[in-house]
Structures are given as C-alpha cells and as structure tokens.
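A.B. asks: Here you go, one structure.
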Amino acid sequence: MGESWAARGAEGAPARMPLVLTALWAAVVVLELAYVMVLGPGPPPLGPLARALQLALAAYQLLNLLGNVVLFLRSDPSIRGVMLAGRGLGQGWAYCYQCQSQVPPRSGHCSACRVCILRRDHHCRLLGCCVGFHNYRPFLCLLLHSAGVLLHISVLLGPALSALLQAHSALYTVALLLLPWLMLLTGKVSLAQFALAFVVDTCVAGALLCGAGLLFHGMLLLRGQTTWEWARGHHCYDLGTCHNLQAALGPRWALVWFWPFLASPLPGDGISFQTPGDVGLVTS
C-alpha cells in the first residue's frame with residue numbers, strides 16, 4: 001500500500017533515529033525475555049508444561065508485535081500516490097501550501113513527515129511515522145500487544161526481582177528501583193542485578209504507557225474521532241459504536257486484534273467520510 005517507510009525519500013537519517021532506538025530497546029527486552037524463558041531465574045522454577053505454555057504465549061505475542069510493526073511501517077498513510085486533482089470540491093477540503101495540493105477532510109500536514117496525512121491522528125515519535133487512515137489498525141494492535149508483552153515480561157521477572165529486594169533494606173529497594181544506574185556506578189549492585197531491575201522498571205513503565213495509550217485511542221475509536229478532533233470537541237463523524245469500529249478496523253473488527261495478517265479491508269478510502277446523516281443515525 002504505497003511506499004514503505006524505509007523508501008520514503010523525504011525522511012532522512014534523523015527521522016529514522018527514533019525507530020532505531022526503539023528497535024534497540026525492543027531487542028534488549030526480547031533477549032531478556034528469552035533469558036527468562038530458557039533459564040527461568042528466581043523462584044518459583046517453571047515446570048516443563050508451564051515453560052511450554054509460557055514459550056507458546058511469548059511466541060504468539062512477539063509474532064503479533066512484530067507483524068503489526070511491519071504492517072504499520074509498510075502502510076503509507078500520506079497523500080502520496082493518491083489522485084486528489086479535481087476532487088477538492090466538497091465541504092471540508094483545504095489547500096496545503098507545503099504540499100501544493102488540495103487535501104480532503106480530516107487530513108493534516110506533518111512537519112516531521114513533510115507531507116499531508118490522510119485522516120491524520122498524530123505523529124508517533126517512537127516509530128518515526130504518522131498514524132493515519134491506512135495504519136491506524138496496526139497502531140492500535142501494536143499498543144495492545146506491546147502492553148501485553150511488557151506486562152508478561154514484568155510478571156516473569158517479578159519473582160527474581162522480589163527475591164533480590166527481600167534480601168536488602170527498604171532504602172536499598174527504593175534506590176534500586178528508582179536509581180538503578182546510580183546503584184551500578186557506585187558498585188552497589190552487579191551488572192546482572194542492574195539489568196534485572198532496569199528491564200523490570202522499563203517494562204512496567206512501558207506497559208503503563210501503552211495501556212494508557214490503548215485506553216485513550218480505544219475511546220477515540222468508539223467515538224469515531226481523531227486526536228485533533230477530540231481536542232477540539234468535534235463529533236462530526238461519530239456513526240455509532242459498531243459503524244465506528246468497522247470504519248477503522250474493517251468488517252472483521254472483533255478478530256483483527258488476535259492476528260495482524262487477518263484480511264479485514266477498510267470500507268473507506270481515507271478521502272471521503274460518512275457522517276451520521278449519511279447512515280441515517282441520530283446523534284445526541
């Protein structure tokens with residue numbers, strides 16, 4: 001669907017740096033997860049059946065996570081390659097002087113991507129790309145499975161961290177959780193203990209952030225709003241819960257959360273949008 005993220009000429013190395021840093025952090029988390037799954041440090045030890053189930057769950061979560069990342073980055077949410085000439089006659093159309101093109105309703109120009117985005121929601125700093133009409137579904141699924149993976153890792157590492165903390169004072173516990181780098185530099189913890197505390201801290205914080213993002217965008221999804229429309233109190237495209245879900249996730253909206261490559265084509269084109277009057281709905 002359009003140009004891939006890596007092939008977009010407008011984005012140089014600085015724009016890709018957030019994705020590189022995110023990928024490095026994700027690699028560290030995956031390695032830590034693999035370490036826990038294989039060696040199972042800390043009490044209680046995992047039995048063969050529990051280990052197999054944990055491995056299956058971890059593999060499923062990682063496949064969903066990586067699959068949605070690939071779909072997100074391969075989907076071009078911009079107006080590139082979209083035939084807009086002669087279509088800017090309806091209500092809500094505007095002219096973008098940066099792109100030198102008519103743009104449809106709900107579109108917005110991104111200074112980072114340097115192009116207008118169809119049904120623009122926001123620019124995702126962690127992935128270095130805008131969230132728009134064509135990649136909103138993988139973005140939502142990415143939030144869900146990111147929170148799940150990070151929470152899973154936190155639970156797996158919990159016993160090992162708990163055993164470490166119980167062997168020391170309360171002050172040591174607070175310092176290790178809040179200032180792991182300082183504890184490492186002062187020689188109060190080993191490198192392995194620092195890595196354990198740092199990864200747990202990062203995963204818990206990441207899970208909370210992803211969970212909060214999922215709740216917020218879930219609210220927008222049910223209301224048929226973008227972040228820009230929510231901030232300004234616009235409800236022009238709220239078609240009701242069921243129609244809003246289908247408009248953003250396709251007809252199989254209830255199943256797309258479980259597998260990233262499930263076919264669920266979007267009913268729209270990102271250029272024209274239905275309003276409550278178009279579908280005969282009455283909004284309060």
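FYI, residue positions are counted from 1 along the chain as it appears here.
Each Cβ is built from the backbone N, Cα and C atoms, and glycine gets one as well.
Since this is a predicted model, take the numbers as computed values, not measurements.
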A.B. asks: What range among 117-137, 138-158 does Swiss-Prot describe as transmembrane segment?
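C.D. replies: Range annotated as transmembrane segment by Swiss-Prot: 138-158.
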A.B. asks: Taking the topological domains recorded in Swiss-Prot, do P48 and A195 share a side of the membrane?
C.D. replies: no
A.B. asks: How do the residues of the domain 'DHHC' (94-144) split into helix, strand and coil according to DSSP?
C.D. replies: 9 helix, 18 strand, 24 coil
A.B. asks: Among 53-73, 167-187, 196-216, which stretch has the highest count of C-beta pairs below 8 Å with the transmembrane segment (138-158)?
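C.D. replies: Maximum Cβ contact count belongs to 196-216.
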A.B. asks: Which ones in the same chain are close to C124 (active site, S-palmitoyl cysteine intermediate), with CB under 8 Å and 6+ residues apart in sequence?
C.D. replies: C130, V131, F139
